[in-house]
Amino acid sequence: MPAGRGRPLRAADMKKDVRILLVGEPRVGKTSLIMSLVSEEFPEEVPPRAEEITIPADVTPERVPTHIVDYSEAEQSDEQLHQEISQANVICIVYAVNNKHSIDKVTSRWIPLINERTDKDSRLPLILVGNKSDLVEYSSMETILPIMNQYTEIETCVECSAKNLKNISELFYYAQKAVLHPTGPLYCPEEKEMKPACIKALTRIFKISDQDNDGTLNDAELNFFQRICFNTPLAPQALEDVKNVVRKHISDGVADGGLTLKGFLFLHTLFIQRGRHETTWTVLRRFGYDDDLDLTPEYLFPLLKIPPDCTTELNHHAYLFLQSTFDKHDLDRDCALSPDELKDLFKVFPYIPWGPDVNNTVCTNEKGWITYQGFLSQWTLTTYLDVQRCLEYLGYLGYSILTEQESQASAITVTRDKKIDLQKKQTQRNVFRCNVIGMKNCGKSGVLQALLGRNLTRQKKIRDDHKSYYAINTVYVYGQEKYLLLHDISESEFLTEAEILCDVVCLVYDVSNPKSFEYCARIFKQHFMDSRIPCLIVAAKSDLHEVKQEYSISPTDFCRKHKMPPPQAFTCNTADAPSKDIFVKLTTMAMYPHVTQADLKSSTFWLRASFGATVFAVLGFAMYKALLKQR
């Protein structure tokens, strides 16, 4: 990880231009410095003030347009000076090395004046410029060093000569660098250590880069890090040299041949102390950080256009990334994430994104830990319901960096308009939303939990404050793995447009409650009778004594009248996991909404779908066991 200029930074990574203001006492040579830079020779005649100079991006080392502004006390008012200070990104305070009065004015006038015009928490970076070094045999550094130690906003001090062009280009490079690669957010000179925000950002970067999660960066991980940040690999000897530097200074910076977090942080401290903080900034910006060490909105929320009637899903590359993320943190290889393993995974997040309800939204093991399938299901749910949140989460995990993609938007597939699916009588979607509707206590939550393979005994153990209104799991239809997302819709007289929007409707009534079916019938007539959304009626709690429903016709006759499949008997009160038949039917109806009601009532149609589900569930389990053996 050598200190170098590294990869070209993207436009969003740092400021689009730099504005440098030169101030100082009269006749210290401010204008001469600017004119010497532009003409590359000392001007014989110097005007009272130089016009604003713009240096194009292609001739500056950092490829950023730079504006250089001169200040003349003779030509400008105090108000104009204050305005220039407010517009500047960096200020060069120029003094003459042979003029003690101009040096004294640095602290008695200029620094206080500038600081009065800037916020205490975001001071402008300052460069002290000692001009006319050609006129003396000595250096002013002894006098200037205490000033630099007193004011942390001073980035550096440069002695130069406009007459013989000494350090002129270096002066403006340092000024530009002070804006693009500021020391302030990274390092505290008084404490001689990195600031907490910088340590936090670099720790996240280390954890993302530690792809096998063993607490060190091995040679392969260091080389990958070097390549994505600086566009160049490290030779084996260079890698060893880096580790030797760390070994020389701290005892626990290298372990098992890899760089530890302490070693990683030490290297960056060393870069900053040696004035090579552009190296640390290159790394920070590559991983999405701005000048305040916050992740940028451009990094977390890349542009993703989603037309109406389209949904969002994870693509194959995203699932591979999430599989590797799961494997990285499943340290005991039990195909489930314990609370500690999940906490470790979320250390790269600024907050814990999942609450206890997630454990009742997706599949868990007997300990209540999210399984491999449950982990992928939760990401699928987030992508479908709130794709911006999914992009944010993938950003925290470093998706675009580890997969070397432009952004995490490349992880998302935007499905085509549902109307096209209906016209073509086929769908490319893999996630289907089913709204589960019924009276309170009719058994809707039982249906949701049954999708996760939980019987009534297991459901009774769920705390009220941990309940979820969503459940998602995979279902096999005709040998294809699809995700079925169930949403429990609260009972109300009229449904909102958002509550109607789905691929299939599951209308649930309680066979033991005579008033239960009437609500399903009313909601169907109000919202779904004339729509193209397929509906399935589920007769829940079928293990209880069935009573006659207080409605004009029976549920069976109602289904026949409206050309729907007959009511599906369902119960969670089973010794093993509840039957998955209704979920296969719901997913099939969502996949094939154009299929005629006659086909839906055909036992052969359902047999083909269910047989495919059984075969692929068995195959899936076999592949799962094979995966375990490989791991």
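Heads up, the Cβ atoms here are built off N, Cα and C, so glycines get one too.
Features of the protein shown, as given by Swiss-Prot:
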type	residues	note
BINDING	Arg27, Gly29, Lys30, Thr31, Ser32, Ser72, Asn131, Lys132, Asp134, Ala162, Lys163	GTP 1 binding site
BINDING	Thr31, Pro48, Asp70	Mg(2+) 1 binding site
BINDING	Asp210, Asp212, Asp214, Thr216, Glu221	Ca(2+) 1 binding site
BINDING	Asp330, Asp332, Asp334, Ala336, Glu341	Ca(2+) 2 binding site
BINDING	Asn441, Cys442, Gly443, Lys444, Ser445, Gly446, Lys460, Lys541, Asp543, Thr571, Cys572	GTP 2 binding site
BINDING	Asn441	Mg(2+) 2 binding site
CROSSLNK	Lys166	ubiquitin cross-link
CROSSLNK	Lys248	ubiquitin cross-link
CROSSLNK	Lys585	ubiquitin cross-link
DOMAIN	15-181	domain 'Miro 1'
DOMAIN	197-232	domain 'EF-hand 1'
DOMAIN	317-352	domain 'EF-hand 2'
DOMAIN	429-592	domain 'Miro 2'
MOD_RES	Lys105	N6-acetyllysine
TOPO_DOM	1-605	topological domain 'Cytoplasmic'
TRANSMEM	606-628	transmembrane segment
Mind checking which of Pro48, Gly443 has the fewest other CB atoms within 10 A of its CB? They're the binding-site residues.
Pro48
Tell me the residue counts in helix, strand and coil for the domain 'EF-hand 1' (197-232), as DSSP assigns them.
25 helix, 2 strand, 9 coil
Please report, as numbers and ranges, the same-chain residues at least 6 past the borders of the domain 'EF-hand 2' (317-352) whose CB is under 8 Å from any CB of it.
204, 207-208, 211-213, 364-365, 367, 369-372, 375-376, 379, 393-394, 396-399, 402-403, 405, 410-412, 624, 628, 631
By DSSP, how many residues in the domain 'EF-hand 2' (317-352) are helix, how many strand, and how many coil?
23 helix, 2 strand, 11 coil
How many Å lie between the Cα of Ala336 (Ca(2+) 2 binding site) and the Cα of Gly443 (GTP 2 binding site)?
29
Would you list the other residues of this chain near Ca(2+) 1 - those whose C-beta lies within 8 angstroms of the C-beta centroid of Asp210, Asp212, Asp214, Thr216, Glu221 - in sequence order?
Ser209, Gln211, Asn213, Gly215, Leu217, Asn218, Gly258
With Ser445 (GTP 2 binding site) as the reference Cα, tell me which of the recorded positions Thr31, Asp70, Asp214, Glu341, Lys585 is the closest one.
Lys585
Cα-to-Cα gap, Asn441 (GTP 2 binding site) vs Asp70 (Mg(2+) 1 binding site), nearest whole Å:
76
Between the Cα atoms of Lys460 (GTP 2 binding site) and Lys163 (GTP 1 binding site), what distance do you get, rounded to the nearest Å?
86
What's the CA to CA span in angstrom from Asn131 (GTP 1 binding site) over to Lys248 (ubiquitin cross-link)?
40
What whole-number Å value do you get for the CA-CA distance of Gly443 (GTP 2 binding site) and Asp214 (Ca(2+) 1 binding site)?
46
Quick one: of the recorded positions Lys163, Lys248, Asp334, Glu341, Lys585, which has its CA closest to the CA of Asp212 (Ca(2+) 1 binding site)?
Glu341
Considering each pair of residues in Arg27, Gly29, Lys30, Thr31, Ser32, Ser72, Asn131, Lys132, Asp134, Ala162, Lys163, all listed as binding GTP 1, report the largest CA to CA distance in Å, no decimals.
23
Relative to the Cα of Asp214 (Ca(2+) 1 binding site), which of the recorded positions Lys30, Asp134, Lys163, Lys166 has the closest Cα?
Lys166
Would you identify the secondary structure of Lys166 (ubiquitin cross-link) according to DSSP, in three states?
strand
Those residues of the chain, 6+ apart, with a Cβ under 8 Å from that of Asp70 (Mg(2+) 1 binding site):
Leu22, Lys30, Thr31, Ile34, Arg49, Ala50, Glu51, Glu52
Between the recorded positions Lys105, Glu221, Asp334, which lies closest to Lys248 (ubiquitin cross-link), Cα to Cα?
Glu221
